[in-house]
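Enquirer: According to TrEMBL, the protein has these features:
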{"type": "DOMAIN", "residues": "99-386", "note": "domain 'Aminoacyl-transfer RNA synthetases class-II family profile'"}
{"type": "BINDING", "residues": "Thr198, Arg229, Glu252, Asn352", "note": "L-serine binding site"}
{"type": "BINDING", "residues": "Arg229, Gln230, Glu231, Val245, His246, Gln247, Phe248, Glu316, Leu317, Val318, Ser319", "note": "ATP binding site"}
{"type": "SITE", "residues": "Thr354", "note": "site 'Important for serine binding'"}
Amino acid sequence: MVLDIDLFREEKGGDPEKIRTIVRNRFADVGAVDNVILLDKQWRQARFNQLNELEEKRNSILREIGNVLHPDVPISNNEDENAVIRTFGQFETKEFQLSHIDLIQKIDGMDCDHGADISGSRGYFLRGVGVFLQQALIQYALNFLYNNDFIPLYTPFWMKKSLMSAVAQLNQFDEELYKVVSSKQNLEDTDEKYLIATSEQPLCAIHRNEWMNPQSLPIKYAGYSTCFRQEVGAHGRDTRGIFRVHQFEKVEQFIICAPNKSWEHFHEMISNSEEFYKSLGISYRVVSIVSGALNNAAAMKYDLEAWFPGSKAFRELVSVSNCTDYQSRRLQIRFGQTKKMSGPVEFVHMLNGTMCAITRAICVVLETHQTSDGINIPEPLQKYMPEKYSKFIPFNQ
């Protein structure tokens with residue numbers, strides 16, 4: 001039998017001096033009261049520290065457990081078992097067809113020798129018509145999304161480590177992300193920074209710690225950014241040309257929506273990508289990615305794989321993922337105007353999808369629209385090209 005410990009805690013309404021008076025009146029050692037107060041504070045601090053340590057250990061493991069899978073995701077660890085959802089166009093090859101590696105050289109659209117000499121492996125300069133093709137694809141992709149009610153956003157190149165950790169998987173820090181190191185210490189901003197691998201990363205963090213009014217949803221962003229990737233996992237693959245590079249431009253779809261609307265928007269996003277590539281005359285297939293190849297955040301992912309007739313292969317151009325509330329929960333982006341008095345807090349759902357990874361799109365446009373003496377320009381891009389090359393780019397090599 002003991003006194004209520006809260007009697008010793010002033011912050012809990014206790015009165016330690018009253019207890020000291022009681023002890024004095026009992027002609028006992030008043031120092032015992034101070035010892036109880038001191039040890040109680042030490043105990044609470046130790047418990048707090050231990051709980052924090054255990055919580056961090058738990059959460060570090062929890063963050064590496066992936067999202068709940070959609071029932072239709074193919075269960076396999078072999079990407080050869082990705083499920084083909086639908087196809088568009090013809091998957092043919094002709095004798096004279098060249099790969100994008102040769103074609104971009106024949107139109108003098110790239111300088112990899114000087115690029116690699118200056119920036120290292122996979123470095124490149126786009127030059128001449130290569131620059132105009134890039135700008136045409138960017139303009140067309142942004143206008144396409146703008147006409148479908150997406151808000152264009154040009155994102156920062158880098159993010160604070162504290163925020164990048166909330167939107168990227170642990171293995172991405174080793175295999176994909178570049179760390180930015182300043183030569184001078186800025187005392188007002190000491191957080192480490194990382195170059196973004198996709199505009200999805202900063203777009204995820206825009207509304208962190210917000211309560212989203214249902215009336216304001218969905219929010220649709222067309223993210224335009226330069227992307228930076230180490231491509232450690234792709235060592236030795238696609239080392240020639242501009243299909244897989246460390247730096248490239250990309251236009252991204254990003255949607256924040258009510259929890260009961262995310263699958264509707266998932267199909268909207270892949271449909272947007274399909275219509276975009278159909279309009280460019282690109283043949284493709286849409287595949288559902290197997291469970292073992294999904295990143296942790298994705299509940300389901302569809303890839304659009306374009307047919308490259310010169311390379312005689314399907315290559316990934318687009319990935320569309322429904323991340324449900326996996327990212328928003330970590331970022332505390334909640335659904336509703338205010339905190340509910342009862343019941344669990346809901347979180348918005350977040351989806352991302354490629355609209356146009358520019359260098360890859362250049363590659364497939366070159367292979368698809370090549371002729372024996374040059375490249376035909378797809379009709380949607382013609383108004384963005386210089387008049388001289390608005391319909392056709394001749395080979396000059």
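In case you wondered, yes, glycine gets a Cβ from its N, Cα and C as well.
TrEMBL entries are annotated by machine, without manual review.
Help me understand the surroundings of these features in the structure.
Expert: DSSP gives Asn352 (L-serine binding site) a strand state. Counting every protein chain shown, the Cβ of Asn352 (L-serine binding site) has 26 other Cβ atoms within 10 Å.
Taken residue by residue with DSSP, Leu317 (ATP binding site) is part of a strand. The Cβ of Leu317 (ATP binding site) lies under 8 Å from the Cβ of Tyr277, Ile282, Tyr284, Leu304, Glu305, Ala306, Thr354, Ala357, Arg360, Ala361, Val364, each of which sits 6+ residues away along the same chain.
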Enquirer: If I take the alpha carbons of Ser319 (ATP binding site) and Thr198 (L-serine binding site), what is the distance between them in whole Å?
Expert: 12
Enquirer: Identify, in sequence order, the residues in the chain of Glu231 (ATP binding site) that are 6 or more apart from it along the sequence and have a CB within less than 8 Å of its CB; answer 'none' if there are none.
Expert: Arg122, Glu176, Arg244, Val245, His246
Enquirer: Looking only at Cβ atoms, how many others are within 10 Å of the one on Glu252 (L-serine binding site)?
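Expert: Neighbour count, Cβ to Cβ under the 10 Å cut-off: 26.
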Enquirer: Name the secondary structure element type, per DSSP in three states, that contains Phe248 (ATP binding site).
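Expert: Strand, per DSSP.
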Enquirer: Quick one: pull the CA-CA distance for Thr198 (L-serine binding site) versus Phe248 (ATP binding site), whole Å only.
Expert: 10
Enquirer: Let me spell it out: for each of the binding-site residues (Arg229, His246), count the other Cβ atoms within 10 Å of that residue's Cβ, using every protein chain shown. Which one has the most?
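Expert: Most Cβ neighbours within 10 Å: Arg229.
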Enquirer: What other residues of the same chain, not counting Thr198, Arg229, Glu252, Asn352, have a CB atom within 8 A of the CB centroid of the L-serine site?
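Expert: Surrounding the site, in chain order, are Ile196, Ala197, Ser199, Glu200, Gln201, Gly223, Ser225, Cys227, Lys250, Thr354.
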